[in-house]
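Notes follow the structure.
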Amino acid sequence: MRRRGSLLLLAAAAVVVAVAAEAAPASTLVGPSRPVTVPPRDRGHAVDLPDTDPRVQRRVKGWAPEQIAVALSAAPSSAWVSWVTGDFQMGGDVRPLDPATVASVVRYGIAADSLVHHATGDALVYSQLYPFEGLLNYTSGIIHHVRLQGLEPGTEYFYQCGDPGIPAAMSDVHAFRTMPAVGPGSYPERIAVVGDLGLTYNTTSTVDHMVSNQPDLVLLVGDVSYANLYLTNGTGTDCYSCSFAKSTPIHETYQPRWDYWGRYMEPVTSRIPMMVVEGNHEVEKQIDNKTFASYSSRFAFPSTESGSFSPFYYSFDAGGIHFIMLAAYADYSNSGEQYKWLEKDLAKVDRSVTPWVIAGWHAPWYSTFKTHYREVECMRVAMEELLYTYAVDVVFTGHVHAYERSNRVFNYTLDPCGPVHISVGDGGNREKMATSYADEPGRCPDPLSTPDHIMGGFCAFNFTSGPAAGSFCWDRQPDYSAYRESSFGHGILEVKNETHALWRWHRNQDLYGSVGDEIYIVREPDKCLLNSSRIAYY
């Protein structure tokens, strides 16, 4: 009996081991994944949260802070705190608030009842103005940005923001945790990646699922509030060009949607650092051809600290990861300022200190959905070789309202040293989900008729020959595309050590904690860093 019981236990253990081995995530180390396509499902139209929803209404009075958010600086010893005081104005004749009316002060410390440190910063107001009769103008509340310095890495800090010189003008006490110390031995436990978030009921599901995974950092790769799907009178649509383009003298926006978004997100952004890069919905053209006013004003960026001096592209370190955020809607030609900055930034990376290099921007280079198919091919042609030369490990993008993960790829060819490209434009957006793939014979968009959003510069690329030929219209999923699906969701990256990171994508319609796609992304520095200026220490 004892021997029989032992045999049964051994058999059960073998089954457990076999099941565990079968359930283990795949790995890039074993080569390209076999392409997987989840059949397209039309998930219909997302519905925006109305301005009557309590989560988007102003809940403070007087000069009390709202829309509080934390962002990272270039290194873990520093962080930004941002907030808004005062309310916005809408009308034909708006008068901006005076930023000097309220001070920009943050009190902080390592205990909630001992905020012994003090930092001050800057304040600004922006306006969205339209020189056309009948359109409403907007001016913001006072937006504050304060940089905290001398912070200890991997430490929880408590803080209050506002103006201590005005009664009831300080916020409640909030808390956030700084990133781990820069070096190859420590990493943020979980990094959430989301794109095209918007402010819909799908957004709320995405954010709820994301928060349940307890991220230490959030990357938002463009398309934030979708304020430009509205007229200035607050009338919205799923497709601006379909509904309004022929009847409006300029592409209007309804800027209060930005305030609604900041209020809704405050429970997240006040305690989890969020890093944002611009998308096409942030362009928001106004009087005198000004663009990106809201995006540039509302968020804090480590632009000065990383030497870019631009809100559109910048870099920062978190533990053993060097993050690079790039602009798909600014000049990316190899003679432009962004490219020159990128070259310098990559050349300074020491892979023995930050083994991982992760890049993010809005519009994907590798997407096999018909929507936005090869829309920024010029950006890929200009920048891909530089990123490949410096062995960038992972690229995160959005824009296409679906999820897709590539195999390691360079110039449309499977390459063990190319980055893994992951598109997460499925955050919740107002516009319709992408549900059809560019593999239907005869139905691929013509790249020459697809707008390329380069600003300053011309893409002199021949679409009629080479691996990126315009005749690419697959009758099957291309081998560089590993997994694609049109469902709302978000992703979580867990960097385990200098060579291994676990990527998981979570669908909104699944139970909390369920995984829709997962893979170990494995670096091979002995193979792929030979062209880099600083070789890793392996």
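Including glycine, each Cβ sits where the backbone N, Cα and C put it.
What you are looking at is a predicted structure, and each value in this text was computed from that prediction instead of being measured.
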In TrEMBL, one of 29-52, 413-436 is tagged region 'Disordered'. Which stretch would that be? 29-52
Grab the same-chain neighbours of the region 'Disordered' (29-52) for me: Cβ-Cβ under 8 Å, and only residues 6 or more beyond its ends, written as numbers and ranges. 198-204, 226, 234, 236, 238, 256, 260, 264, 407-408, 414, 416, 428-433, 435-437, 476-488, 519-520, 522, 524
DSSP composition of the region 'Disordered' (29-52), residue counts helix/strand/coil, works out to 2 helix, 3 strand, 19 coil
Averaging pLDDT over all residues of the domain 'Purple acid phosphatase N-terminal' (65-178) gives 97
DSSP helix, strand and coil counts for the domain 'Purple acid phosphatase N-terminal' (65-178)? 3 helix, 55 strand, 56 coil
